[in-house]
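Chemist: I have a structure here, written as structure tokens, and I will follow up with some questions on it.
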């Protein structure tokens, strides 16, 4: 068995920044540091931060007064921000800047009284945060669609005053079809020059397509609640390659590889490289050889830290 590694894979700039915000807050202020929602959707990362003093909660009413709170990389609604401000909580915002870009778009549509359609997965925290940027008091509304069927059923107030945005971690292929359906149904709809799917999601999806074309089995390292990791598994399967989403080496079954000569490995944007290395080690223990890195698109993007953490971490 030969191992092939997708490139790029694993952590993106937004995830790096979010994890570093929690780490630096723990270093500068000491535990406990409260984090609203899992800072990124990866069990290994969350458990590591929890062991160092991070406390993960789903709502701010679980947070005591006079503590530090971090908003997760997925972003939060305006209502959550207002609740935190009203309580005087010290907040560090780990929202991915590319998610914030979508928030700004939605807020502008709201101010302009323009109805907005969000393409995304119901119940995902990023979707909840993005929907929560829209203030319907200006007379508009925001709608959520996931697929072409949702578009066909959608009833809007003013089809000539519409715009769309997208969740950042969707399948590019699926989203393109939904956008086409929106433009067909609502010819005057506006939107971003390109969809809002982030560079890292696009790069990892392109890489897994290449990987699936060269391998007999694909392993996607990522947690079950990770949207972008699930999309990677789906893309590999659509290319006719068996694919498995695993948190780590302990989730693998030897029988998956009985007929496999080439095993591909990738990782979602919230999965650390240490988990990939653990998978490689286990496969080698089962007789696999090598670990060839495929050619891929280089990523050199970084996002800045909040100023207070940047400065105080140097003291």
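Note that Cβ sites are derived from N, Cα and C of the backbone, with glycine treated the same way.
From Swiss-Prot, for reference:
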BINDING   12, 96, 198  [4Fe-4S] cluster binding site
BINDING   41, 74, 124, 168, 226, 227, 228, 270  (2E)-4-hydroxy-3-methylbut-2-enyl diphosphate binding site
BINDING   41, 74, 124, 226, 227, 228, 270  dimethylallyl diphosphate binding site
BINDING   41, 74, 124, 226, 227, 228, 270  isopentenyl diphosphate binding site
ACT_SITE  126  active site, proton donor
Chemist: Which residues in the same chain, at least 6 apart in sequence, have a Cβ under 8 Å from the Cβ of residue 124 ((2E)-4-hydroxy-3-methylbut-2-enyl diphosphate binding site)?
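Modeler: Once residues fewer than 6 apart are set aside, residue 124 ((2E)-4-hydroxy-3-methylbut-2-enyl diphosphate binding site) is near 74, 167, 227.
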Chemist: Just the number: how many Å between the Cα atoms of residue 198 ([4Fe-4S] cluster binding site) and residue 168 ((2E)-4-hydroxy-3-methylbut-2-enyl diphosphate binding site)?
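Modeler: Here the two Cα atoms lie 5 Å apart.
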Chemist: Per 10 Å Cβ neighbour count, which of the binding-site residues 168, 226, 227, 270 ranks highest?
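Modeler: Most Cβ neighbours within 10 Å: 270.
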Chemist: Would you mind pulling the DSSP three-state label for residue 126 (active site, proton donor)?
Modeler: helix
Chemist: Taking 8 Å from the centroid of the Cβ atoms of 41, 74, 124, 168, 226, 227, 228, 270 as the cut-off, which other residues in that chain fall inside it around the (2E)-4-hydroxy-3-methylbut-2-enyl diphosphate site?
Modeler: 40, 126, 169, 225, 229, 268, 269
Chemist: What number of additional C-beta atoms lies within 10 angstroms of the C-beta atom of residue 41 ((2E)-4-hydroxy-3-methylbut-2-enyl diphosphate binding site)?
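Modeler: So the Cβ neighbour count for residue 41 ((2E)-4-hydroxy-3-methylbut-2-enyl diphosphate binding site) comes to 29.
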Chemist: At the level of the C-alpha atoms, what whole-angstrom distance separates residue 168 ((2E)-4-hydroxy-3-methylbut-2-enyl diphosphate binding site) and residue 12 ([4Fe-4S] cluster binding site)?
Modeler: 12
Chemist: When DSSP is mapped onto helix/strand/coil, what comes out for residue 41 ((2E)-4-hydroxy-3-methylbut-2-enyl diphosphate binding site)?
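Modeler: Coil, per DSSP.
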Chemist: Please report the distance from the Cα of residue 226 ((2E)-4-hydroxy-3-methylbut-2-enyl diphosphate binding site) to the Cα of residue 96 ([4Fe-4S] cluster binding site), rounded to the nearest angstrom.
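Modeler: Spelling it out, the Cα of residue 226 ((2E)-4-hydroxy-3-methylbut-2-enyl diphosphate binding site) and the Cα of residue 96 ([4Fe-4S] cluster binding site) are 15 Å apart.
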Chemist: Same chain, not part of 12, 96, 198: whose C-beta falls within 8 angstroms of the C-beta centre of the [4Fe-4S] cluster site? Give them in sequence order.
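Modeler: Near the [4Fe-4S] cluster site, the remaining chain residues are 13, 14, 15, 73, 97, 98, 99, 168, 169, 199, 200, 201, 269.
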